[in-house]
């Protein structure tokens, strides 16, 4: 199609549907066009880049931005930055070049719904002490911070133990394209870097690793960017001691777990948000924005989430667990479970909490605050204030209009 034809088709759709988020609408439109065009030429050995709808395309782009931005690596990081994993290459490596790697990842699918349909790989659980050490090693790593406990443990269990018996073994080589992330369990590894740009691994192996940079010790890690990119390694990592033990995680396993987790979570958020009456005036794109802004928080049994008499500033959806609504002088008036929500009126009014909500069991919540809500929706908030539910008094059966049980259909 010519540019004029595409433009006319897009303009007609915009005029017909009058979307509130024009940029999102255009993004989805071109994503569908691109998908249709690629489907004509797709071959079995090419990268799977199709999506079932524009929402997944948008989600995938946002997820890549979230976890792969250069700003994610802070100045206080204790690890060696920008060391990726290793990819099989058609070169002659020396005998002590350790090929702890699989084949090229160029055919891996990055479609989150495709991950959800795959047969889930199971990994044997690690010894509790090993798992504890791995958790300590990756604590604070930006790649792991958004995983819930289940998927966090799944990632750690997916790591495989590798033993390197000799000193002088190159685990990764500068210039090679890699796809593994490593945690050092035992032994030490030296990091070297050549100053040349675009140097090849063959040149590194034939003329030396370059300048010494630092030494990686047990409990530290390297190669984390290989979990997101198949970009060339920025340095070489060579075993310094004999009898080394490292744990390796490949990019496909990691991304499958992370993308599947985030995709399922977003779909859950969107379905729950559809059941919130005060958000009923929002269109699909506005609810998607809210779903993307939700953050997961966990409260242990007995913890207070909101307290009666406080000014409300947060909205909550229950992902898992149970919460009790407690009124002064009345005790527990209702128990909220998965799919229920509370605090929504705090988003559009300066409301005082008329009840306390406390965790009855371990409670997993999705939440966002009023400033985020205002930033995302702007003028739409005025429309929400005029809805009958928003104008009602705070005298429902819980004594607080912002404590609400969702319809039975949302229960799991």
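Each residue, glycine too, has its Cβ placed from N, Cα and C.
Here's what Swiss-Prot has on this protein:
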- 143-277: 3',5'-cyclic AMP 1 binding site (BINDING)
- 278-412: 3',5'-cyclic AMP 2 binding site (BINDING)
- 104: phosphoserine (MOD_RES)
- 1-142: region 'Dimerization and phosphorylation' (REGION)
- 392-412: region 'Disordered' (REGION)
- 101-105: motif 'Pseudophosphorylation motif' (MOTIF)
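Overlay of Swiss-Prot feature records on the structure.
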| residue | record | CB count, 10 Å |
| --- | --- | --- |
| 143 | 3',5'-cyclic AMP 1 binding site | 20 |
| 160 | 3',5'-cyclic AMP 1 binding site | 14 |
| 177 | 3',5'-cyclic AMP 1 binding site | 21 |
| 194 | 3',5'-cyclic AMP 1 binding site | 18 |
| 211 | 3',5'-cyclic AMP 1 binding site | 11 |
| 245 | 3',5'-cyclic AMP 1 binding site | 14 |
| 262 | 3',5'-cyclic AMP 1 binding site | 21 |
| 278 | 3',5'-cyclic AMP 2 binding site | 20 |
| 312 | 3',5'-cyclic AMP 2 binding site | 22 |
| 363 | 3',5'-cyclic AMP 2 binding site | 26 |
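Between the CA atoms of residue 346 (3',5'-cyclic AMP 2 binding site) and residue 211 (3',5'-cyclic AMP 1 binding site) there is a gap of 57 Å.
Listed in sequence order, the residues of the same chain lying 6 or more apart from residue 295 (3',5'-cyclic AMP 2 binding site) and placing their CB within less than 8 Å of its CB are 366, 367, 368. By the criterion of other Cβ atoms within 10 Å of the residue's own Cβ, the least surrounded of the binding-site residues 228, 346 is 228. When the binding-site residues 278, 312, 329, 363 are ranked by how far their Cα is from the Cα of residue 211 (3',5'-cyclic AMP 1 binding site), 363 comes first. Cα to Cα, residue 177 (3',5'-cyclic AMP 1 binding site) and residue 312 (3',5'-cyclic AMP 2 binding site) are separated by 50 Å.
Long-range Cβ proximity for residue 329 (3',5'-cyclic AMP 2 binding site), meaning a same-chain Cβ under 8 A and a gap of 6 or more residues, is found for none.
Taking the C-alpha atom of residue 228 (3',5'-cyclic AMP 1 binding site) as reference, the shortest distance to any of the binding-site residues 278, 312, 363 belongs to 363. In this structure the alpha carbons, written CA, of residue 262 (3',5'-cyclic AMP 1 binding site) and residue 363 (3',5'-cyclic AMP 2 binding site) are 19 Å apart. Using Cα positions, the member of the binding-site residues 278, 312, 363 nearest to residue 160 (3',5'-cyclic AMP 1 binding site) is identified as 363. Comparing Cα positions, residue 312 (3',5'-cyclic AMP 2 binding site) lies closest to 143 out of the binding-site residues 143, 194, 245.
Closest to residue 278 (3',5'-cyclic AMP 2 binding site) in space, going by CA atoms and restricting to the binding-site residues 143, 194, 245, is 143.
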